[in-house]
Amino acid sequence: MTKKIDHGEEHDTSPSSTTNLDDDASYLSHNANLGKLICIPMALRAAIELNVFQLISKFGLDAKVSASQLVSKMPNASNNPNAAMYLDRILRLLGASSILSVSNRMDSGDHFKVNQNNGGAGGPDAVVTERVYGLTRASYCLVPREEDGVSLVPLLVLQSDKVIVGSFFKLKEMVMEKDVVPFHAAHGISIFEYACKEPRLNKAFNEGMGAFSAVVFEAVFKYYDGFSGIKELLDVGGGIGTSVSSVEHVEGDMFEELPKAQNMLLKWILHDYDDEHCVKLSKNCWNSLQVGGKVVIIEFVVPNRLVNSAETFNALNSDLMMMVVNPGGKERTMFEFNNLANAAGFAKTVPFLISESLHLIEFHK
Ligand SMILES: C[S@@+](CC[C@H](N)C(=O)[O-])C[C@H]1O[C@@H](n2cnc3c(N)ncnc32)[C@H](O)[C@@H]1O
């Protein structure tokens with residue numbers, strides 16, 4: 001007997017208590033749904049590597065474009081007679097997943113054709129059409145913006161990097177054995193050590209963080225005016241400084257001592273560490289913060305009610321990613337952030353919702 005949590009309530013989903021699971025077809029369709037979970041991210045990554053989203057946008061943001069049209073813009077694919085057919089099969093899965101729009105139009109030329117009436121086998125009644133794809137709300141963010149060239153492509157490229165994906169194969173060990181960090185188990189060193197040694201991952205990491213920072217800060221400035229009047233903001237663990245403009249780089253270990261500052265920013269830092277490290281770091285912030293100053297934390301917050309929503313998936317996907325790559329890494333509920341703040345001596349916390357589980361939380365001294 002299995003139970004699932006749905007909208008905060010428990011439902012009995014055992015086969016004997018449901019009508020659908022009694023019939024074989026429904027049982028198989030559930031299986032197909034589970035099986036697709038690996039194919040969509042892999043198809044998405046391939047489409048990104050093939051520059052599909054930017055190519056579609058070059059036909060126009062509302063354009064509907066066939067695989068053949070896209071392949072004609074890919075010089076490296078010109079020697080492969082099957083390129084359009086393979087690309088179409090990648091794209092139709094993204095279409096079915098609403099990452100692209102998908103529709104049919106009468107074939108207009110000598111393209112890879114889709115035979116509507118009989119699954120492609122040909123025949124006298126066949127209507128020859130071509131499948132065409134367009135951008136959707138989900139894929140607009142994968143097209144570099146005209147004004148600044150920003151898109152979320154670098155973040156997806158980082159998250160689906162083979163070094164990261166390879167670490168997920170060690171998730172089972174994490175459950176079965178003590179003190180396993182999947183990234184470390186897969187590669188023998190921590191992700192930060194790996195990034196120091198391997199320029200490719202380092203570049204992917206910085207570009208992924210930079211792209212997401214640009215988008216996040218746009219939303220932050222839209223919904224939060226707490227930075228106005230702030231003259232000094234220390235970006236703790238700021239990496240290469242993509243979050244805050246006009247930065248002065250200060251080297252040092254944030255777990256040792258921090259420079260004195262009026263206000264501080266901790267963006268995507270706490271979720272890299274367990275509670276013990278977070279309390280230590282928060283105490284270091286408290287010690288170096290001027291009286292009346294605040295630490296601005298930007299993190300996903302795990303919602304109390306877990307439902308099938310962008311809010312829940314943003315937080316839980318990120319939580320699993322943190323669990324896989326960092327020792328003790330995790331996303332937290334607001335209750336857990338309040339506990340961290342209290343343990344470090346902060347007087348109060350003030351949360352602001354930015355977007356679908358992404359929060360800005362002020363820790364006030
Ligand atoms: C997840 S990244 C976040 C970077 C940046 N805050 C952002 O949001 O784009 C974590 C950053 O913390 C830095 N970091 C890790 N350990 C550190 C330490 N002990 N002291 C200072 N920075 C550290 C890493 O170099 C990395 O740039």
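The backbone N, Cα and C atoms fix where each Cβ goes, glycine too.
Feature annotations, courtesy of TrEMBL:
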ACT_SITE  His271  active site, proton acceptor
COMPBIAS  1-13  compositional bias 'Basic and acidic residues'
DOMAIN    38-143  domain 'O-methyltransferase dimerisation'
DOMAIN    245-347  domain 'O-methyltransferase C-terminal'
REGION    1-23  region 'Disordered'
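The residue listed as 'active site, proton acceptor' falls within a helical segment according to DSSP.
Over the domain 'O-methyltransferase dimerisation' (38-143), the average per-residue pLDDT in this prediction is 87.
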